[in-house]
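A.B. asks: One structure is given below, represented as structure tokens, and several questions about it will come after.
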Amino acid sequence: MGELPGKSLLSALFLIILLSEGPFRWVDAQHCVWYGECGDSKIAGKKYNCNYTGPPKPLQAEGHELLAELCPGYDYGDRSLCCDVDQLNSLKGSLQLPLQFLSRCPACSSNFMNLFCELTCSPHQSRFMNSTDFNGPSVTEVQYYIGQTFTNAMYNACKDVQAPSSNVKALSLLCGKDAKDCNATNWIQYMFNINNGQSPFPIIPIFSDVPVSGYTPMNNKTYACTEGLDDGSGPCSCQDCTKACGPKPVPPPVPPPWTIFGIDAMTVIMWISYSAFLLIFFGAVLGVWYYRKRTIMSEYGPILDSNNPLSLNADNPDQVNASCCETLGERFENALRTLFSSWGSFCVRHPSVVLLGSLILVVGSSGGLVYMRITTDPVELWSSPSSQARQEKDFFDSHFGPFFRTAQLIITTPIVDPFLYSPYFGGSDVPFGAILRKDILHQVLDLQLDIESLTATYEGQTVTLKDICLAPLAPYNTNCTILSVLNYFQNSHDVLDHSAGDDFFVYADYHSHFLYCVSAPASLNDTTLLHDPCLGTYGGPIFPWLALGGYDETNYNNATALVVTFPVNNYLNDSVRLGKARAWEKEFVKFMKNFKNPNLTVAFSAERSIEDEIDRESKSDISTIVVSYVIMFVYISLALGHINSCRRLMVDSKISLGISGILIVLSSVSSSLGIFSYCGIPLTLIVIEVIPFLVLAVGVDNIFIVVQAYQRDERMPQEELHQQIGRILGDVAPSMLLSSLSETVAFFLGALSNMPAVRTFSLFAGLAVFIDFLLQISCFVSLLGLDARRQEANRLDIFCCAKLPEGQETRTDSFLFRFFKKIFAPFVLKEWVRPIIVAVFVGMLSFSIAVVNKVEIGLDQKLSMPDDSYVLDYFKNLTMYLHTGAPVYFVVEDGLNYSSLEGQNAVCGGVGCNNDSLVQQVYSASLISNYTTIGFTPSSWLDDYFDWVKPQSSCCRYYNTSGEFCNASVVNSSCVHCRPMTPAGKQRPEGEDFMQFLPMFLSDNPNTKCGKGGHAAYAAAVDVYPDLTGVGATYFMTYHTILKESPDFTEALKMARILAANITEAVGHKVFAYSIFYVFYEQYLTIASDTAFNLGVSLAAILAVSTVLLGFEVWSAVLVSVTIAMILVNMFGVMWLWSISLNAISLVNLVMCCGISVEFCSHIVRAFSISVKNNRVERAEEALAHMGSSVFSGITLTKFGGILILALSKSQIFQVFYFRMYLAIVLLGAAHGLIFLPVLLSYIGPSVNKAKVFSANKRNAGTERERLLNY
């Protein structure tokens, strides 16, 4: 109890202190720290506030509307505040630009305005503000105590807000650094720093949630971005508020590779299959061999066997027990033989009629060449007019204009040492890449200015860059768009050298300006002491990811390359202006080829570069192609003749006949080209390069077959020359018809392809092969008859007037025929060799099947360039340094009602927009860019228009006298806001309001008062109907991530289309994705199925035609088709081994391979089917001996020499797709046709056709041929 009085005294003392302190601070809190404006600030155009410590004053009546607009929380009672109308006007002017970007998110803009309203006008200023410096009556510095809770809440509400036109976060433009480096406190510190050019005097923020030095920090109520405001404004959109999005989208997991026991599944499956095949096959072979060894055969068995069609023991020599199909086949065969024999005899008897008629038809057909058009336009070459990508391109071009042309430099330096920049105002040192040294930048600027001053001449007119460049703000601003880091410095040496400092220190220079601009490229004031603009001279931003290369993440200061891009206007149907652009580009390329600078390494390209280099490549390869064909021509001319002795060299040679045969082949090609030129079908380089090769292979093979059949034949007694050649033609022409018709039908069916290059090739090739066949059985037969008469008359080849004296000569077979008959055919068909051959070829097939799904799809664009092309360096640097891919446009087709709330919500990305709107879906896709290849948030004209038209903004104004648009920079009392400062006026414009102000937005140029003007960014993005009744097609642009290889481009197209389909479904209106490269890479989305379809159709055609022309022997046709299929599958194995990708060029070659393979296979199979030898082995041996040598000399040897020359080509595309593939086609075709197929026939070839054998015996009875056959 004794201590209680002491405790009571202590408590009373504390109570007295608290009671005395409380009223004192409360009274103190009622006064202001300033009121009104007096004195000019050091910052141009800014005012100081007047020192005033009295109570708040009622606001003048003229300021009530402005107060309701800026600080509605104080719009009550007598509106007693610590600010007057002038201060409110200054506040509005200072915050116009930030509010234009932050107003997308109501919670963010409300918190932001709360911060500045409390600072400027709060009646309780002295609670949280302390004036610390004065200049006479002016307050020149204050301390502002701000609650940390408020600070964090304001930052969290604003940190995700987007700036759609700039594809960056708004804080990148408002924080003085990149948004990722901005935080709650340094953002406010930056806004209150006098160096930002907006704050009239230093405002020192002090952050705390507890009282400091007697001041209670301002900790007003804040709104989270997920909350709506009291005035009815909704929560922020997902795009501007990550918390409103829910969980971040997660890309689906990459499907694991298909493996068995950790090994590629196809490899394992084919190994097991191949092993099982070998086990069964060799088991069967050994079983049959063992069975034969144990069976005792009678030596008279073959003679007495009544199943043998030649047996002496047959039931009736005048009848044959043939099936219906065999009889039908024999009759069909006999009809063909009779027809061709009669025709051959006619051609030999009437050569002048045949030759003249052929000449007239060839000249008439070839006359169409005067109408010939060669397509070099890559779009026409690779994209079908009916394809999705082509239709979308045409839609885009017709509504928004064609995608601009580009001339681009990628500049590096051999100087490798980076350097450090130490900011004056503190902070850690910043490393800079050597390419950003000031002296290097000056040299790059010199180069850039030299390019700007280039002049070209087109049809007598001078053309400069200004005449053709992209100038989005023309005619108000005619400066060309130049996407270059030097445009941060207004493309000026003086601005690059601009610095702020004194004799001792440099406070700001190009380093600080660069660091600011890469984080805020759309800024009009860099807020360092320099206060230079970042916006390019053309009126738009220079995004660092487009102007710099070789940096890591977003550390642009580490860049190792500069990218300078000159966009040039493209023209849809204006050949004159397009010609001017091409003329300037030609001058640009010429200038860059001659440019030398020891400190700069420049890779460059213009829009025309690829086309020019392909053209140069084609011309340089003409000599290689000519040499290749000359070698083939010389071989054909020399190899056709069969020389019996040196004395008869010039008599037995067939140089003139060989040249005639070549001319016939070329005539068939020219006739095909001419006929289709009459029809208006343009040629392609592929047609010109490939078809002569194909037709030469087919045509020469047939020539060798006819000539060698004649050379090996002996004229029968009382048989005249025309009858002999007619008989020979009757024997071999069905085989020629089989191969030629199979190829023709296969090629014509291949024309069903959607790929223009494949379709055009198939049409031209099919007709050329068929015309070649017709000329060979007519024109060539007549020439053969004339040559035979010359030879029989002992007249010299070429010099027909000279005659050799008569002499006795011994007739011999050719070396190649003897080799095939005596050595090659018997060896291949030996009993122990045949199983090895089957094992090897099935092994090759198994390997090819295992790797067929591993063949790369696409075309490396580097392959299309010559080895010495400057464009190769450009492609290399493009892959090495660039970080951003091509622009991608999400195009909304006509018909969406943007004037309605539903139409707006389906597309926009701001407050109230649908969570699955177009902008929101593209934004979500950009969050997982590694999967979707969408690199950035899309620019949205609709969202920027809503921000621009808001009454709180100074952007949308018009003259109340005329109704014309009034730019934000205009100071005129007759300029009034477009929309009233009412709850309805603050809502989005709908109906007539929407269309009334949209044209103003699209014509407004960005300026310091209004950064949301849509002219530069969106003038081309919105197709407004001429009578302003509505909006037609529009686009929303973003960028792909960097795409390096062909599969990357294909995947980007695929993902963009998936995204566009999802948007279409959500919006309920057609939306498609478009980028400049889609039209070229669309083919690779379906190339695998197209290849399967084309080759499948070709094989089906070959099977059908072979079945008919082989006399309805289905099994023979099946074996031909199977062997060709094996060749095609093995081609895929070669493509994988030799790094040949699957694309339109290789598909054309595969279709051609299908045709040439017919030549290798069909003649052998037909020879086998008409052979009357005792068993399959002997029949296969006879077929290989007689037809094999002709096929080998006609195709393999002819092509081999010509193909080897292609390896010397400078063109990589020739080396890869022509030398490698042609060599593989010929070698695989020869191997399968001359080795595997005879062995296959010896095992499972069709049984002998009894009807054909009986007919042959009857036909040859009593002739020399019967003796030879029996022997």
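Note that Cβ sites are derived from N, Cα and C of the backbone, with glycine treated the same way.
Annotation comment: TrEMBL describes 621-786 as domain 'SSD'. Look at TrEMBL and you will find 1-29 tagged as signal peptide. Residues annotated as transmembrane segment in TrEMBL: 268-291, 353-374, 622-643, 655-677, 728-749, 761-786, 832-852, 1092-1110, 1117-1138, 1144-1162, 1183-1209, 1221-1244 (among others).
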A.B. asks: Can at least 3 Cβ pairs under 8 A be found between the transmembrane segment (728-749) and the transmembrane segment (1144-1162), with each pair 6 or more apart in sequence?
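C.D. replies: Answer yes, regions in contact.
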A.B. asks: Tell me, please, if the transmembrane segment (622-643) and the transmembrane segment (1183-1209) are in contact, taking contact as 3+ Cβ pairs under 8 Å between residues separated by 6 or more positions?
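C.D. replies: By the criterion, they touch.
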A.B. asks: So what's the mean pLDDT when you look at the domain 'SSD' (621-786)?
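C.D. replies: The answer is 81, the mean pLDDT of the model over that range.
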A.B. asks: What stretch in 832-852, 1092-1110, 1144-1162 has the biggest tally of Cβ pairs under 8 Å against the transmembrane segment (1117-1138)?
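C.D. replies: Per the Cβ under 8 Å count, 832-852.
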A.B. asks: Out of 268-291, 832-852, 1092-1110, 1183-1209, 1221-1244, what stretch is closest in contact terms to the transmembrane segment (1144-1162), meaning most Cβ pairs under 8 angstroms?
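C.D. replies: Comparing 268-291, 832-852, 1092-1110, 1183-1209, 1221-1244 against the transmembrane segment (1144-1162), the winner is 1221-1244.
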A.B. asks: Under 8 Å between C-beta atoms and at least six residues away from its ends: which parts of the chain pack against the transmembrane segment (832-852)?
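C.D. replies: Result: 264, 266-267, 269-271, 273-274, 277-278, 281-282, 285, 1126, 1129-1134, 1136-1137, 1231-1232, 1235-1236, 1239-1240, 1242-1243.
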